[in-house]
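As written in TrEMBL, here are the features:
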ACT_SITE  K110  active site, N6-AMP-lysine intermediate
BINDING   D28, A29, E30, Y31, D32, S77, L78, E108, R131, E168, K285, K309  NAD(+) binding site
BINDING   C403, C406, C427  Zn(2+) binding site
DOMAIN    586-663  domain 'BRCT'
Amino acid sequence: MKDIDTLRNLIRQHDYAYYVLDNPIISDAEYDALMRQLIALESKSHLPIPADSPTQRVSGKADSAFPPVTHHIPMLSLDNVFSSEEFSEFYHRLQLRLDKDHIPLSAEPKFDGLAISLRYENGILTKAATRGDGSTGEDVTANVRTIKAIPLRLIGDNLPKIIEIRGEIYMPKKAFETLNATAEQIGEKRFANPRNAAAGSLRQLDPAITAQRKLAFFAYGYGSLENFELPSTYSELLSQFQTWGLPVCHLQTTVQSLEAAQDYMNSLNTERPALPYEIDGVVYKVDSFSDQMKAGFVSRAPRWAIAWKFPAIEKTTTVEAIDVQVGRTGAVTPVARLKPVEVGGVTVTNATLHNADEVARKDVRVGDTVFIRRAGDVIPEIVKVVLEKRPFNSTPFIMPSHCPICGSEVIRPEGEAVARCSGGLHCQAQRVQSLIHFASRKAMDIQGLGDKLIEQVVKNGQVTTPADLFMLAYSDWANLPRMAEKSARNIINALENAKKTTLARFIYALGIREVGTVSANLLANHFGTLDALIQADEQSLQEIEGIGPVMAQYIAHFFSDQENLSVIHQLESVGIYWSEVQQKTFSNGILEGKTVVITGTLLTLSREQAKEHLESLGAKVTNSVSSKTDYVLAGEKAGSKKEKAEKLGITIIDEPQLLQWLV
């Protein structure tokens, strides 16, 4: 009988052999036997079980709110190229910027999963966060701990005090097929692709469900770093990752020329179908870290890296029908129903035709043979019609004059491409889509209230407005088809938790046309209260930077509608509430009493995020430069405001300086 520590280390070694070296030493049955032995020993021991024990991957419940996590080193996106010509232009720009003819590049697959940041402190995994918007992600630590490819503790002696490992969580093709087969057996909706499946699996409220989904991981970068000297190249860093027990893609290599980079792309595209995971391109990075620093950044992406996307995959199929869908704002969208065809590993049955003009331009008809492409390998679209195969008796598609759901007249406003149902919330389709939007993650975030459930309660006549959701009793949910008692209780709890929100989320949840999350935040911060927003006219709305005349018209019209106001009052009466938005006051900030103007395009922050950060340091942010301005925060293409500041002798700061102040 092995002692506990020896057994833990043995299991970690087997994890390393399986997930990092891809060379398992023992069978799954033998591994399971070791794990059972460890569980038995730990249960008999009176000592506390350490968090990095292999038995502690699934522990308790995830935080239902997935609290936000700030990335102090932002998780940047990459610019894309789609052809050898565009890639050559990228390479030549690097040669000019670095003043070098020969630039070694790291080349590796672009994984089709979701980016993750893993924080290790003294080698122990302490936090895992999604990319989010690059600046703020979600805490998914409890679920990430269930992924066996991710070590709970790094191995070796040369460990940083703190390191954030950046990488990709993905679902292998085999696991994806198994998941969808299981979903079909129990009558649940299939996932569209492995990326969606991976994202959905990572956001489960029960980590045990995540553990069942067989997610995997590859490391490919770093964020925050303390007490560790980086090697000179990215390739060497990946080798270091492997010695710590982190999986790195075996297809990663270093190419020494433009021609070699293009050969790698062609080779990987050929090899792609046989890979055990989905990829959608190649990522090239300048291998030298010193050259990366010289190349720098532009906008929200590094100049020293690029994603070369694979060409979109095209297949032919037949249009079996064309019908229309009605969205939450009444948009009537024609959709082609297709004979099922597999495109890039995904079965495609539908393709949007966008609007009447698009249908007419492509002249898509029922019975046509068409070329289908997955644009960006995600969204199916009809590329063109094979006219030679068109049936002799085909007729052009004509948009309906009345809504197929409620019978209301379909109107196409002058100057707009989209036709809309005039039925408003009297239209069941608009009602369903409005409720789906209301419950969505960026709105009221009602966990577990999916599209199918909303469709059911609307169809049953149980729900007409968002407020009705909160009025349904436990028995109403429990009596729905295929709804277990536990699921019904979870919905009731989720609705109760959703009652505490923010004014910005509530505004966004109302579904006002053209008002997204950024605009909702602007409105909440400007007016402070919902009553003040309701009373605002178009002119006062247009005075807010970021709110244009069209959006102002939609907002004013929405709040002038008595039915909308009635729904708002109902929501307040069922207990929806938020803390009052107050003018932020700060003291002892590094910019206390200073006036700052923002100009140009920032690298990692939106204008609104930069404003919030500056205000958190005590600054007053204004729009115009004057003699009273203390600092100008200048990004790319700063222009006249920066020039004026320089003439006035005003201090110019850049984004790294702001981020340094925030640390």
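We count from 1, first residue shown onward.
Note: Cβ is positioned from N, Cα and C throughout, glycine not excepted.
Predicted automatically and left uncurated, TrEMBL annotations should be read as such.
A map of TrEMBL features onto the structure.
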{"residue": "E30", "record": "NAD(+) binding site", "Cβ within 10 Å": "12"}
{"residue": "L78", "record": "NAD(+) binding site", "Cβ within 10 Å": "17"}
{"residue": "K110", "record": "active site, N6-AMP-lysine intermediate", "Cβ within 10 Å": "21"}
{"residue": "R131", "record": "NAD(+) binding site", "Cβ within 10 Å": "20"}
{"residue": "K285", "record": "NAD(+) binding site", "Cβ within 10 Å": "22"}
{"residue": "C403", "record": "Zn(2+) binding site", "Cβ within 10 Å": "24"}
{"residue": "C406", "record": "Zn(2+) binding site", "Cβ within 10 Å": "17"}
{"residue": "C427", "record": "Zn(2+) binding site", "Cβ within 10 Å": "21"}
Practice prompt. Between the Cα atoms of E30 (NAD(+) binding site) and K110 (active site, N6-AMP-lysine intermediate), find the distance and write it as a whole number of Å.
Written response: 34
Worksheet item: Within 8 Å of the Cβ centre of C403, C406, C427, which other residues of the chain have their Cβ, at the recorded Zn(2+) site?
Response: V326, P404, I405, G407, S408, C421, G423, H426, Q428, A429, Q430
Fill in: Distance check against K285 (NAD(+) binding site) for the recorded positions K110, C403, C406, C427, keeping those with Cα within 10 Å
none
Practice prompt. Using C-alpha atoms only, work out the spacing between C427 (Zn(2+) binding site) and R131 (NAD(+) binding site) and round it to an integer in Å.
Written response: 37
Worksheet item: To the nearest whole angstrom, what is the C-alpha distance linking R131 (NAD(+) binding site) and K110 (active site, N6-AMP-lysine intermediate)?
Response: 16
Worksheet item: What is the interatomic distance between the Cα atoms of C406 (Zn(2+) binding site) and K110 (active site, N6-AMP-lysine intermediate), given in whole Å?
Response: 45
Response to the item:
Rounded to a whole number of Å, the separation of the Cα atoms of K110 (active site, N6-AMP-lysine intermediate) and C403 (Zn(2+) binding site) comes to 43
Worksheet item: Per DSSP, to which secondary structure element type does R131 (NAD(+) binding site) belong, with helix, strand and coil as the options?
Response: coil
Worksheet, complete the sentence: Across the domain 'BRCT' (586-663) the predicted model averages a pLDDT of 78
